[in-house]
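Q: From TrEMBL, here are the annotated features:
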COMPBIAS  1-15  compositional bias 'Low complexity'
COMPBIAS  16-28  compositional bias 'Polar residues'
COMPBIAS  29-38  compositional bias 'Low complexity'
DOMAIN    44-82  domain 'Sphingolipid delta4-desaturase N-terminal'
REGION    1-40  region 'Disordered'
REGION    380-404  region 'Disordered'
TRANSMEM  81-100  transmembrane segment
TRANSMEM  112-130  transmembrane segment
TRANSMEM  142-161  transmembrane segment
TRANSMEM  189-211  transmembrane segment
TRANSMEM  223-243  transmembrane segment
TRANSMEM  255-275  transmembrane segment
């Protein structure tokens, strides 16, 4: 009887041990499975854009700055100096195109002039059109539209009329997938996510910015587009075929076109395209998970000397906070509201931005903040299926939106 009891107790003890071992294995297996799943999720997040459910930061900061410093609203409005700077740069490009009329495209003199002077001038004109698109050269919207066409002439490709609605939508729909055409597409992120791919993008980024909008949605073709197209094509034709060779030749047109290409290629001033909104900060796995709603820095400023030739576009947080403040008064905005800007991440060199973008494995096409919904189209347009019409209201840019 006693022996039987001992045998039974031993059997029960062995059975309990086996069950405990099985449960331990199951727990280990579940833990490994959960770790693997979390690892896969982290890997997926690492290879994707920075998706977020948070509001874009500029409206919130704008309201806070106005509350703390209401005098900043007096900085808004056109800058008369802009038109004189534009006319000076356009005249300089005309002069250089005239001087290079008999210089071979394949000569070092042609390439050096186009890179040092031509690309800098045309980048300046790109950003002059950017200023003018915010109605910051004249009080009259029509005068701004017409003057942008003048600034467009040395660029040699008609783009000022199309740039405005896409750029203002970028402001109204920062990071919104299917609306913000400044964002790289999933296709670009997939096929250009390597050193060679990023080098290709930086070399030919002017074409990406020109063609990408048409792949996302199209804006209506208005009288301004027709006028921009007609005047630019006539100007290009006149340089080659109508004006005497003592003034301009086909080489002059090549100079304009090559200057535009270099302005959006591996040129120091072209670094601003990437510096403005690509995420260069180290982002934690927690911040990468959109469910945590942790804001990711998505606009970066630059306070270096190249702002002198680019209408202070480096002050990009300031510009997005107050797009109605012209380039000459953005430093004053920083001075007044310095407590809001001093702690924000910034770049110290646009050249280093390009270098780091190409060679740093942790920075690439996917390093942009994206939102699935929100925003709106400025000036109308056929929005892609990604962004339903009820989520993207058509809207103009009225005087009552001076703070937005």
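Here the Cβ of each residue, glycine as well, is placed from N, Cα and C on the backbone.
The model shown is predicted, which means the values in this text are computed figures rather than measured ones.
Could you tell me the structural context for the features on the list?
A: Across the range of the domain 'Sphingolipid delta4-desaturase N-terminal' (44-82), the DSSP-based residue counts are 23 helix, 2 strand, 14 coil.
Away from its own ends, the transmembrane segment (255-275) comes close to residues 93, 96-97, 100, 105, 110-111, 113-115, 118-124, 126, 154-157, 202-207, 209, 300, 302, 306, 309-310, 313-314, 316, 347, 349-354, 357 of its chain (Cβ-Cβ under 8 Å, at least six residues beyond either end).
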Q: Summarise the model's confidence over the domain 'Sphingolipid delta4-desaturase N-terminal' (44-82) as a mean pLDDT value.
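A: It averages 90.
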Q: Quickly jot the same-chain residues contacting the transmembrane segment (142-161) by Cβ under 8 Å, restricted to those at least six beyond its ends, or write none.
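A: Contacts with the transmembrane segment (142-161): 83, 86-87, 89-90, 93-94, 97, 121-122, 125-126, 128-129, 132-133, 135-136, 210, 222, 224-225, 227-229, 231-233, 235-236, 253, 256-257, 259-260.
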Q: Determine which residues of the chain contact the transmembrane segment (223-243) at the Cβ level, with the cut-off under 8 Å and only residues 6 or more beyond its ends counted.
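A: Hits for the transmembrane segment (223-243): 97, 145-146, 148-149, 152-153, 156-162, 249-250, 252-253.
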